[in-house]
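Database features, via TrEMBL:
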REGION    1-39  region 'Disordered'
COMPBIAS  12-30  compositional bias 'Basic and acidic residues'
DOMAIN    44-77  domain 'At2g23090-like zinc-binding'
Amino acid sequence: MGKGSNVQKAQAARERNQKKMGKSDEERKAAAQKAAKDSTAFMCSVCRQTFMVNVKLTLLHGHAVAKHPDKTPATCFTALVGFDPNAPAGAAAAAPAAVVKPKKKKKEEVDLSSLLDAGLSVGKKKGKK
Ligand SMILES: [Zn+2]
C-alpha cells in the first residue's frame with residue numbers, strides 16, 4: 001500500500017541529492033556496476049553461466065547436477081561448498097506450511113445443527129407423549 005509513495009519519496013530524495021552533489025554520472029555508474037555485479041554474483045566455473053545474487057543454492061545445485069554430472073557441485077560454484085541438497089536452507093521456509101488453521105468455526109456449525117436436530121427430535125418425542 002504505502003510502498004509506492006515510499007519509492008516516490010526515495011526517488012525524489014535521490015534526485016535532490018544528485019542535484020546537490022553534482023555526481024549523478026558517477027553515482028549512476030556505480031549503481032550500474034553494482035547491478036551488473038549482482039546479476040552475475042554467481043558464475044558457474046565450468047560453463048560460465050551467471051546467476052543473480054539472490055539465486056537459491058538449490059537452483060545452483062540443480063544446474064551443477066543437470067549440466068555437469070561429471071563434476072561436483074562445489075566445482076561449479078564455490079558457494080556450494082558444504083551445501084547439502086538433502087537439507088537445504090529452504091527446509092525452514094517449508095515449516096509454515098505445516099501450520100494448520102483451526103477449524104473451530106466449522107465444528108461449531110456442525111454442533112449447532114446436531115443440537116438443533118437433537119432438540120427437534122426431543123421436541124417431537126415430547127409432543128408425542
Ligand atoms: Zn555450468
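Glycine residues also receive a Cβ, built from the backbone N, Cα and C atoms like all the rest.
Unlike curated entries, TrEMBL annotations are predicted automatically.
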According to DSSP, how is the domain 'At2g23090-like zinc-binding' (44-77) divided among helix, strand and coil residues? 15 helix, 2 strand, 17 coil
Over the domain 'At2g23090-like zinc-binding' (44-77) the mean pLDDT stands at 96
